[in-house]
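Mind having a look at this structure? Questions to follow.
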Amino acid sequence: MEEQQRRALRRGRARLVAALRVEPLWDPLERRGIFTRTMLEELQSAGSRGDQARQLIIDLETRGKQAFPVFLSILRDTGQGDLADMLVQECESPPTPPQLLDLQPVQLELRGEKQHKSYTRKKKSLIVMCPCQVYELKADPCGHCLILNNVTFSRDSHLSTRVGSDLDCEKLERRFKALHFDVLTRRDLKAQEMVLELQKLARRDHSTLDCCIVVILSHGCQTSHIQFPGGVYGTDGKPIPIEKIVNYFNGSNCPSLRGKPKLFFIQACGGEQKDRGFIVDCDSPKDEAPGASLESDATPFRAPSGNVDEPDAIACLPTPSDILVSYSTFPGFVSWREATGSWYVETLDSVLERYAHSEDLLNMLLRVANAVSAKGSYKQIPGCFNFLRKKFYFVCD
């Protein structure tokens, strides 16, 4: 879909949500190949007529080059030509030039541990930062934190028991409670039960809260994806794409979290490749664990069945905002775990304990990646997909 067509849909969204009659659209949208029956059933389950209209307009942007003209034709065929004319007019209107904001920087005094080395030349260090560059966490609790901890898997799944995962879970429960989050833990859930817990959290009213955290401890695998790679398994051996999990909380599906940071921490394999690394200078740290029993959370990649979206639809998907997904390992590779817990969670917990009062989240995740990458004879490198717009600092006592 061309940019001016997407712009027209966004400009006209409010009027479309208020006036669009969606019921007559379903059959022609399927008949003319814009949506599949499964996609339409998902749209119809979005809620009220207005909710269905809103989601239809959002999804229409992803449906390729013909979606916009076909949609206009269907609108006219169903007696909604006024809405089609409105979209044509919006499409022909020039883009609105961006507004220039007169931002005045403020000075924030760094106290105690918050003084970074680059600011310690003076006794009283100052950093110039606009308030709009930092997420505000004023609520108490800051937000909800859901931890899904899968340890024991069904025999039919052929997935091993995740020894040490309960220790990971306990560490993160304590850590996020200390960081002023309302923590809820669920253990050993099937895939559908995991989905229901995630949907339940996404449907809650977060309007009085400032943030949301989801932690998943499970076996993982590679999956086909558009935005976020990887998948995690329920205890029944059925996979859930990380992309699907994240999108439960995006701006269209969880309005009360719009503009607020949504953080996802995934302890699971990204695939089954085992990395022995490469030799570097002798000053690189070594952290062998002789005698330790290493386990991975890996399962093989399973190619998806059925049709996928056309390339044009994939290329023009909007990027979610205010989302960060932290992975325990690089996509496609094994994530290592011992009886005392996983390398990633142990390091994340330690870094949060030591630096959460003085550093932003991205800087701490760099510390986690550096420390984990130095461990073991097999190698592992955590990473993240970051779509946060501002710096994120936890609230500490």
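For all residues, glycine too, the Cβ spot is worked out from N, Cα and C.
Where the annotation comes from TrEMBL, it is an automatic prediction and has not been curated.
OK, TrEMBL features for this one:
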type	residues	note
ACT_SITE	His219	active site
ACT_SITE	Cys269	active site
DOMAIN	1-90	domain 'CARD'
DOMAIN	141-273	domain 'Caspase family p20'
DOMAIN	313-396	domain 'Caspase family p10'
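Situate these features within the shown structure.
The DSSP breakdown of the domain 'CARD' (1-90) into helical (H, G, I), extended (E, B) and coil residues amounts to 66 helix, 0 strand, 24 coil.
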Quick one: give me the count of other CB atoms within 10 A of the CB of His219 (active site).
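Within a 10 Å radius of the Cβ of His219 (active site) lie 25 other Cβ atoms.
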Would you mind giving the whole-number mean pLDDT across the domain 'CARD' (1-90)?
88
